[in-house]
Amino acid sequence: MSKEKIAVAYSGGLDTSVMIKWLKDKYEGAEIVAVTGNLGQKMEVDNLEQKAIATGAKSFHFVDLRKTFVEEYIWKALKAGALYEDVYPLATALGRPLLAKALVDVALAEGCTMLTHGCTGKGNDQVRFEVAFAALAPHMKVVAPLREWEFTSREQEIAYAMEHNIPVSATKKNPYSIDENIWGISIECGVLEDPMVAPPADAYQITTAPELAPDEPTVVDIEFAQGVPVALDGQQMEGLDLIVRLNELGAMNGVGRLDMIENRVVGIKSREIYEAPAATILHFAHRELERLTLEKSVFQYKRNIGQDYANLIYNGTWFSPMRKALDAFVDETQKPVTGMVRIKLYKGSMTLLGRTSPNSLYNEALATYTEADTFDHKSAEGFIKIYGLGLKTFHEVNKSE
């Protein structure tokens, strides 16, 4: 029997570190190809490679995905207004299909026979990875160690890692599970599993506690071109740099902390803590610019599309014809979404200070209540009669109702 060559989505965290050793034991003689994608998370690449090799990987591949992530994933979600259940900007969920694609690309190039990930059997990510694998490499075998192995808790994994000298940062005193990329950080496990327990200070990774944030506010001007952020405070910037800077400014001012109970793909509710300063600010600014530039029916209908798009991302069906169809609709709506939004960041809050656009549909002469008013008030009477005619007729016929 030929030996397996297994491509592992490797993060260097507890699960994937333990997983390499476990796979080596289960598939005797297997060659492990560790693949790490850079989505903007903090990491020490040299140490990561050393850790992977020391843990048992035959080779290590590091793929810089940041530019692709911003331009082909994040901006699409932002333009769509994709916030899962009106809160979560989908940082982890957005990164999974791109990481899956990177893993498949390396696996095919290296002649691997199997794909594997470090996702739990009751989480969302197993669905996201495996649905992506099915779309991109349907012929390849997939193994999910966390659904098979003997460990039933993170504490047991930590003990296993210590027994086998596997270097991991998680400890029994620091049990948080953390996933990070440039669009946000997710934190779960430990005391956070009790929805009545306020997140301890050490759970937050980048944001300042609002009460400890600067006493002076930070004002930012964000410019968009057809729905895409292109400049910050008058300076043209690449998307990656703009997000990095907004993360810094937002985090400094305590902006971007999210605490939600969300509905997972597998049917359970989970408590999630997120830090997403740039994502929170940009979604807020983008929506306000849309209010100014989109025709009423488009603006209102697009809110439904945003929810559909968020569900699609969250549920792991990024590589679907539906996403492409929604992209076409969204791109059409974004043609007039050009302009600037001014926001004040202060002690955990965002306050809209102003917005402007060459495509603004706001007509001050029609909206004003001063003598400059050009609205034809006499037209209102006839409009109201026609507008309410259906209801009037209904209630004349159905007097008891």
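Placed from the backbone N, Cα and C atoms, the Cβ positions cover glycine too.
What Swiss-Prot records for Ala9, Tyr10, Ser11, Gly12, Gly13, Leu14, Asp15, Thr16, Ser17, Gly118 is ATP binding site, and it gives sequence analysis as the kind of evidence. Taken from Swiss-Prot, the feature L-citrulline binding site applies to Tyr88, Asn124, Arg128, Ser177, Ser186, Glu262, Tyr274, supported by sequence analysis. Sequence annotations record features per position, and here Swiss-Prot assigns L-aspartate binding site to Thr120, Asn124, Asp125.
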Environment of Thr120, Asn124, Asp125, the listed L-aspartate site - residues of the same chain whose CB lies within 8 A of the CB centroid: Cys119, Lys122, Gly123, Gln126, Val127, Arg128, Arg264
Inter-residue Cα distance where the pair is Asp125 (L-aspartate binding site) and Ala9 (ATP binding site), in Å: 12
Inter-residue Cα distance where the pair is Gly13 (ATP binding site) and Ser177 (L-citrulline binding site), in Å: 9
Minimum Cα separation from Glu262 (L-citrulline binding site), reported as the residue among binding-site residues Gly13, Ser17, Thr120 that achieves it: Thr120
Whole-number Å value of the largest CA-CA distance among Tyr88, Asn124, Arg128, Ser177, Ser186, Glu262, Tyr274, listed as L-citrulline-binding: 19
Sequence-distant neighbours of Ser11 (ATP binding site) in its chain (C-beta under 8 A, six or more apart): Thr36, Gly118, Asp179
Chain-internal residues near Ser186 (L-citrulline binding site), provided their CB is under 8 angstroms and they sit 6+ positions away: Ala91, Thr92, Ile178, Asp179, Glu180, Glu272, Ile273, Tyr274
Distance from Asp15 (ATP binding site) back to Thr120 (L-aspartate binding site), taken between C-alpha atoms, in Å: 9
Candidates Tyr88, Asn124, Asp125, Arg128 (binding-site residues) - the one closest to Asp15 (ATP binding site) by CA: Asp125
Surrounding CB atoms that lie within 10 Å of the CB of Ala9 (ATP binding site), all protein chains: 23
